[in-house]
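First the structure, in the form of structure tokens, and then the observations on it.
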Amino acid sequence: MKIALSGYGKMGKIIEKIALDRKHEIVLIIDQHNRAEIIDEDLQQADVVIEFSTPESALENIRQCIKAVVPVVIGTTGWYDHIDEIKQEVADSDGALLYASNFSVGVNVFFHVNKVLAKLMNNYPYYEVQVEEIHHTQKLDAPSGTAITIAEGIINGLDAKQEWKNVLTDGTTVVDDTVKNNQLLIESLRIENVPGTHTVMYDSEVDSIEFKHTAHNRNGFALGAVLAAEWLHGKTGFYTVQDMFNFGA
Ligand SMILES: NC(=O)C1=CN([C@@H]2O[C@H](COP(=O)(O)OP(=O)(O)OC[C@H]3O[C@@H](n4cnc5c(N)ncnc54)[C@H](O)[C@@H]3O)[C@@H](O)[C@H]2O)C=CC1
Ligand SMILES: O=C(O)C1=N[C@H](C(=O)O)C[C@H](O)C1
């Protein structure tokens, strides 16, 4: 398969290596230095674009792929307020798009079990729930896309929570403690070199339940993105990675 990389930072470089190992060809690399020169015909050399750039640039990059009718796999986070518009644009152009806040198999298993656990915990309302995410200090967005997906899974399943609220913390002092009872707290910590750690905590007076995923490196994210590109090839429509993994509702 011919792959274009949109974003050539920490993730783009690992995706390139995994794609080459899996016998794909990288036909185009786009980053902030050449982005302005990229025209639709450049993208159309590729069977699929894999987009891991920045929260600010993702939307424009996605829209160019849709306009050029080139399938796009999106790992970039921080653009999710525009998902409904993008879904409509994909339908209007008969394009192909797959996105995920997290492409790793382990996190997608975690997402599934998190939803089951949230429903179960309705029976035990004396547990208070919160989410914690820890990432490296270069991360531009907070909370992480993965934490948002986890929070949405809890809010859909657990009657006590209606919305999430994000707080950046240094790990000891919560900077903003105005979280309401019906809000799910997402604490974000930024610590040097952490690839991504997500914990769901249910706490009562007598005990705590902690459900945690720790990425040891970025290889799982990158492999998942290449597998998603292979899965999307030849399809049209708007997908999430859940459609590929198919763990069930
Ligand atoms: N869905 C998933 O599984 C994962 C998602 N991510 C997300 O992917 C994104 C990228 O992460 P990293 O590679 O760690 O970031 P990074 O900061 O290492 O790389 C970003 C790259 O984007 C490039 N860039 C800047 N403006 C651009 C533009 N207009 N068009 C194309 N490229 C542009 C930069 O030159 C840089 O090479 C982030 O949003 C991150 O949250 C990261 C890991 C896993
Ligand atoms: O920026 C990162 O590094 C990561 N971003 C994604 C997110 O926002 O959830 C996925 C992963 O946690 C790493």
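Residue numbering: from 1, along the chain as shown.
Just so you know, glycine gets a Cβ as well, placed from its N, Cα and C.
Residues or ranges marked as domain 'Dihydrodipicolinate reductase N-terminal' by TrEMBL: 1-103. Per-residue confidence over the domain 'Dihydrodipicolinate reductase N-terminal' (1-103) averages out at a pLDDT of 98.
The NADP(+) binding site feature in TrEMBL is assigned to Arg35. Arg35 (NADP(+) binding site) counts 15 other C-beta atoms within 10 Å of its own C-beta, drawing on all protein chains shown.
Of all Cβ atoms in the protein chains displayed, 24 besides its own lie within 10 Å of the Cβ of Thr76 (NAD(+) binding site). The NAD(+) binding site annotation in TrEMBL covers Gly75, Thr76, Thr77, Ala100, Ser101, Asn102, Phe103.
Summarised by DSSP class, the composition of the domain 'Dihydrodipicolinate reductase C-terminal' (106-244) is 49 helix, 42 strand, 48 coil. If you look up TrEMBL, you'll see 106-244 marked as domain 'Dihydrodipicolinate reductase C-terminal'.
Non-local contacts of His136 ((S)-2,3,4,5-tetrahydrodipicolinate binding site) by the CB criterion (under 8 A, 6+ apart in sequence, same chain) comprise Arg190, Ile191, Glu192, Asn193, Val194, Pro195. According to TrEMBL, the (S)-2,3,4,5-tetrahydrodipicolinate binding site annotation covers His136, Gly145, Thr146.
Note on Lys139 (active site, proton donor): other Cβ atoms within 10 Å of its Cβ, all shown chains, come to 17. The active site, proton donor annotation in TrEMBL covers Lys139.
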Length of the line joining the Cα atoms of Ala100 (NAD(+) binding site) and Gly145 ((S)-2,3,4,5-tetrahydrodipicolinate binding site), in Å: 8
Binding-site residues: Gly75, Gly145 - member with fewest neighbouring CB atoms within 10 Å: Gly145
Sorted by sequence, non-Gly75, Thr76, Thr77, Ala100, Ser101, Asn102, Phe103 residues with Cβ within 8 Å of centre, NAD(+): Ile74, Tyr99, Gly145, Thr146, Phe221, Ala225, Val241
